[in-house]
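Undergrad: Attaching a single structure in structure tokens format; questions to follow.
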């Protein structure tokens, strides 16, 4: 009888486990369309929890008010500036595209200037790569530039057309952020009680997740914003067309490890040199190397330090992989997955060490 009861108990546990997995998978499927909104709500809650706790310390009887004030702060310093920048960027990208279409900006002339100014070793290298003359250069690089401009404009128009969907997701982000700020500690305790891990193991995973999210936002997004602002300002002072657009592209390029803003300002400086704007090109090179470039070297260690404990090459690969799989959201998702991977295997090594160690 005892063995029969134990068998039923084991069957019941397995049945419950199957039901638990199935319902959890169905729940994840329901949430999937809002996965990115949930991700950014969690990120907002992690970043602004210290602000919420300071406000709560001043008004301990009104947690709802403290959470609401924190949300207003998020809207004021993050969402409104991003919305204003997006509208301005859409207008500038559209203007540049229309000028290219009308011939006011002559891509062919730009490539002719660049090709004519190349030294002999560069033309030989291009010839070995199949670019033997200006026509080949226009066909290969010109179509790529046109496709890139069309892609920017397409995203700008898509932004305008999908404004309703964007507002819905933004509302979800703010709504979830409110409850994550207000009830974050209680939710964390409930998750800790449900997850079948020891307190120290769960604490390691949670701490690593929070550290990587904060470090990624501070070390990547903030640095990208600063570099984009400096780059756009320098280009505006040099009289370059569409400085806002190029500044945003510099900020986006700074998120790519090992390449950075040089992906934008180096070709632009070459064009300035070859077109006869020597001092403008020299100023851009100086600012690119010693101002824009030094921002990354100086600020990133201060904002991030080595708290993530992730090797640089892992950050590079996971960031690029995250961008490829998840788009802009992959900037955070890639390093977070890497951190969770390392933490889980640290726990596995720790558990294996405990299992192999002889009893005292």
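From the backbone N, Cα and C atoms, a Cβ is placed for every residue, glycine too.
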Undergrad: Write down the single range among 158-181, 182-205 that appears in TrEMBL as transmembrane segment.
TA: 158-181
Undergrad: Mind checking which residues reach the transmembrane segment (313-345)? Cβ under 8 Å, same chain, six or more beyond either end.
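TA: Distant Cβ neighbours of the transmembrane segment (313-345) are 36, 39-40, 43, 204-205, 208-209, 211-213, 216-217, 220-221, 255-258.
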Undergrad: Which listed stretch (68-90, 244-265, 272-293) has the most C-beta pairs under 8 A with the transmembrane segment (38-56)?
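TA: Looking only at 68-90, 244-265, 272-293, the most contacts with the transmembrane segment (38-56) come from 68-90.
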